[in-house]
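According to TrEMBL, the features are:
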DOMAIN    41-323  domain 'ABC transmembrane type-1'
DOMAIN    354-595  domain 'ABC transporter'
TRANSMEM  69-92  transmembrane segment
TRANSMEM  147-171  transmembrane segment
TRANSMEM  177-203  transmembrane segment
TRANSMEM  270-288  transmembrane segment
TRANSMEM  294-315  transmembrane segment
Ligand SMILES: Nc1ncnc2c1ncn2[C@@H]1O[C@H](COP(=O)(O)OP(=O)(O)OP(=O)(O)O)[C@@H](O)[C@H]1O
């Protein structure tokens with residue numbers, strides 16, 4: 001499969017771009033909490049610097065007190081100040097953690113909402129890209145990690161950097177070489193973490209398709225819709241094999257990446273450790289040479305272990321997880337940047353008809369066009385049937401005629417509006433549809449139907465519900481619905497399950513419930529037997545009398561109810577006309593019709 005515009009293989013997004021996109025979220029969502037949390041973080045960082053400085057004064061005062069150059073009260077005063085600073089630092093630490101966690105929880109909710117909103121605004125054609133599934137999969141994980149990244153970055157700037165600058169400056173004033181060695185120790189470890197980030201970003205790109213396959217196979221093994229086939233056909237063992245191999249492939253890839261980065265980290269830690277002992281050596285030498293006071297030595301010695309611990313934390317834990325997660329965060333950002341359908345809001349009545357002029361359509365990444373040179377008019381109040389063999393382009397044509405997709409070339413006008421220029425919401429507003437692959441929502445019968453027009457008021461809702469149920473020939477008083485409209489349609493939620501035929505009627509009722517000017521039936525009767533189907537289509541013809549309607553069907557007998565039949569062949573219109581006209585033409589339609597008639601007569 002070729003990659004396309006929506007594929008994850010876009011230009012790499014830099015850390016700077018990632019942060020530039022994340023910060024506005026952080027500021028826009030809960031600005032006061034965000035700023036306060038960081039102000040506390042800065043105060044916390046400064047408190048460590050203050051502690052080191054007070055320690056030096058304290059140790060110096062102790063040495064002076066020993067040689068009786070100063071009084072005990074000075075020592076006690078400094079000890080009290082040091083104790084107060086330590087308690088203050090702890091309080092700030094607790095406050096910083098608490099505020100950070102509160103902010104994190106709030107942001108997770110906020111970002112999840114943003115993701116769902118984004119998904120609802122995506123251009124539907126994006127869903128034709130298999131890579132998009134990877135992107136969504138990875139974006140979900142990236143969303144949580146993006147918060148980690150944001151926090152780490154902010155903490156580095158508001159806590160660690162001020163602290164290291166202070167310490168660097170402090171060491172510099174004692175002996176310049178001490179500050180320099182601090183930097184030399186720091187750099188190799190940062191480099192190792194950046195390499196680690198690159199390794200994990202690459203791993204993420206390789207792992208996502210495997211994970212997608214792995215999750216799909218898992219569904220084949222466990223999901224209800226598959227279990228009959230997997231058990232009866234003995235496919236269980238087949239899927240378990242696939243599951244095992246995907247699992248081990250994933251494990252091997254992760255293990256290799258971990259091993260590489262751990263070895264790298266180990267090497268870099270050695271460098272850090274060498275630096276640590278180097279600084280200690282220089283400190284002792286400087287003290288013995290009388291370059292620094294005993295107090296300075298003691299303060300630096302006491303804080304240097306802590307400082308290295310902190311450096312280790314910021315580099316391996318903070319920067320490490322940041323770079324490791326950068327790959328997934330990039331996917332989140334990429335997801336947020338996926339194209340949305342733009343266009344103006346307009347009042348469009350799809351019931352006024354649809355006009356297609358010289359329309360062609362090619363799926364993203366596809367080698368050839370699925371529809372070519374389509375010119376067709378669906379007039380106001382007209383019912384057309386679209387027929388054709390498998391793969392002829394029927395569903396694609398419906399997607400264009402309902403404005404779900406826009407054409408690659410040519411123009412589609414719904415109710416007079418060019419689908420490329422108006423918002424998706426404006427186009428769908430007056431359209432309803434029943435698809436062959438409808439959804440079985442695990443909700444009450446009423447909710448299953450009302451989902452198609454939730455904004456309707458209570459009165460219209462009750463009346464509309466009864467009407468839709470009647471039109472779809474659903475007998476709510478029959479045993480299948482023990483609680484009438486309130487029957488829960490899921491065993492999982494203590495309700496009932498329906499037969500395939502009844503589910504299909506629920507889907508049809510859902511389609512009828514929505515107020516519409518145009519209705520599309522895309523093979524909605526596949527699970528209903530032919531006699532029932534014929535009744536339903538007769539009824540549909542009555543209902544569609546005042547509506548603009550499109551029917552897609554494989555059973556040509558049902559197409560007869562249409563005012564006009566459009567025959568598609570390999571993405572082109574082969575013929576149009578009424579049933580009788582097309583039969584007289586003895587073309588594609590007549591050929592298909594007689595093949596089906598023959599099939600029925602053989603069956604009889
Ligand atoms: N996402 C896609 N990417 C690439 N090609 C696609 C995609 N979806 C459909 N096609 C191709 O477009 C052509 C038309 O498909 P379409 O589903 O519209 O036909 P159809 O007449 O509705 O078929 P059927 O009766 O089997 O449902 C086919 O050749 C199909 O392989």
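One is the number of the first residue shown, and numbering goes on along the chain from there.
Including glycine, each Cβ sits where the backbone N, Cα and C put it.
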Contact call for the transmembrane segment (294-315) against the transmembrane segment (147-171), three or more Cβ pairs under 8 Å:
yes
State the residues, same chain only, that lie 6 or more residues beyond the ends of the transmembrane segment (147-171) and have a CB under 8 A from a CB inside it; answer 'none' if no residue qualifies.
18-19, 22-23, 26, 38, 41-42, 44-46, 48-49, 52-53, 100, 104, 107-108, 111, 178-179, 182-183, 186, 300, 303, 307, 310-311, 314, 318-319, 321-322, 325-326, 329
Where else in the chain does the transmembrane segment (69-92) make close Cβ contacts, counting only residues six or more beyond its ends and a cut-off under 8 Å?
40, 43-44, 47-48, 50-51, 54-55, 57-58, 61-62
Whole-number mean of pLDDT values that fall within the domain 'ABC transporter' (354-595):
86
